[in-house]
């Protein structure tokens, strides 16, 4: 179960300025079956693995061993009526960038509703006592953004801190990545939105935060540069760390992620292009990448994760 997400063994990298990057195939899980995904989030319930991802109605893959995957029914058969109250331009049942966690006896599934190039967006919440049993409850709106905000309310990630308190990080482009404390009962914001990372390079291309806790540090993973261009995608996974969940997060060179810092974990290789929108679960990291040997199809990748002797994550 993902209640121990903050106990992960996480992932290394080299600095942004270095040219040597660990390849996407290090400690690589050999996956089979239906592994077509964007923006995956993974969890295990009993002996069953589940991956939730962007797509019509919010896509769900299941595996009985973690390696062979098959598609199961989507979460939302129809768009929820209240979505258009906050995102009028949302004209279909596409649901983006989910994050699933187990906390206080429920599986909490955060998701994004938006349109391309706009920050008129929302993060919604649905939950259940059992993924296998279904019966997802609509828990409504979590946070929204409009053109009046300097952030984009998509790409949620739930983290339980070292004191057992829930936090939600989120963000894509605009002024970067944010974090807000959540109420333990409603799992909705109870504090102010704070900034944890931003970029000015490449039009501010940073998104998809993932925060995990290990040995006294919070590790912030994020995706830099451009997704969703097939083999021309420039997506890459970066990270920094902090003693506090609210930052400041610094990379291996000591550069603050509020100043564009971020040590590269994975920039892909000749086969796997544009890896990103990562999720960390215990001692693994999942993300999507584009298969250059299969016409740039987006696919699920899973790697084992470790920490080096200095406490920095690596494959």
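Glycine too: its Cβ is placed from the backbone N, Cα and C atoms.
Just so you know, TrEMBL annotations never went through curation; they're auto-generated.
The substrate site recorded in TrEMBL comprises 39, 152, 153, 154, 155, 172, 173, 174 together with one of 105, 117, 216, namely 117.
Each residue contributes its Cα atom, and for residue 152 (substrate binding site) and residue 277 (site 'Important for substrate recognition') these two points are 16 Å apart.
Packing around residue 207 (active site, proton donor) is summarised by its Cβ count: 27 other Cβ atoms lie within 10 angstroms of its Cβ, all protein chains included. For residue 207 (active site, proton donor), the recorded positions whose C-alpha atoms fall inside a 10 Å radius of its own C-alpha are 154, 172, 277, out of 39, 154, 172, 277. Checking the recorded positions (39, 154, 172, 174) against residue 277 (site 'Important for substrate recognition') with a 10 Å Cα-Cα cut-off leaves 39.
In the three-state DSSP scheme, residue 152 (substrate binding site) falls into the coil class. A distance of 13 Å separates the Cα atom of residue 172 (substrate binding site) from that of residue 39 (active site, proton acceptor).
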